[in-house]
Amino acid sequence: MLVIILGVIGLLASSNLVSSSTSTRVGGHLPLTFDPPENELGYWYTYVESCRFCWDCEDGVCTSRVWGNNSTSIVENDYVKYCEVSRWGDQCRYDVEEHIYYTMNCSDPKPWNPYKIAKEGVEKG
């Protein structure tokens with residue numbers, strides 16, 4: 001009986017460890033945040049590179065947190081936006097400052113920029 005109880009406790013403990021370790025990888029759970037985990041910055045940067053969490057800005061000059069000092073610096077401007085990102089299972093969601101959320105499959109992500117779409121629409125009209 002004691003062996004069974006210890007076995008159940010072991011299973012519960014290992015499942016808890018697995019779920020906590022997957023929460024920091026793409027595919028696990030990430031509550032809505034302006035500041036995703038450091039190890040996911042490269043993922044989010046690929047699809048919404050204008051997000052403020054991708055940039056270290058000091059005195060109006062911003063350097064990529066993903067590429068570090070090896071990257072080209074930019075002057076802080078309207079391009080650098082506050083973004084929210086979240087993930088539940090394989091559904092990733094992001095918003096570029098407008099509360100118009102874009103949801104995508106985390107394993108098949110697509111870039112989306114509402115500002116670029118609006119600009120293209122104006123040019124065509």
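Note: Cβ is positioned from N, Cα and C throughout, glycine not excepted.
Per Swiss-Prot, the feature N-linked glycosylation site maps to N69, N70, N105; the stated evidence is sequence analysis. Among the features that Swiss-Prot reports, signal peptide is placed at 1-20.
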Nearest-integer angstrom distance between the alpha carbons (Cα) of N105 (N-linked glycosylation site) and N70 (N-linked glycosylation site): 30
Those glycosylation sites listed as N69, N70, N105, and which of them has the most Cβ atoms within 10 Å of its own Cβ: N105
In three-state DSSP terms, the structure that N105 (N-linked glycosylation site) belongs to: strand
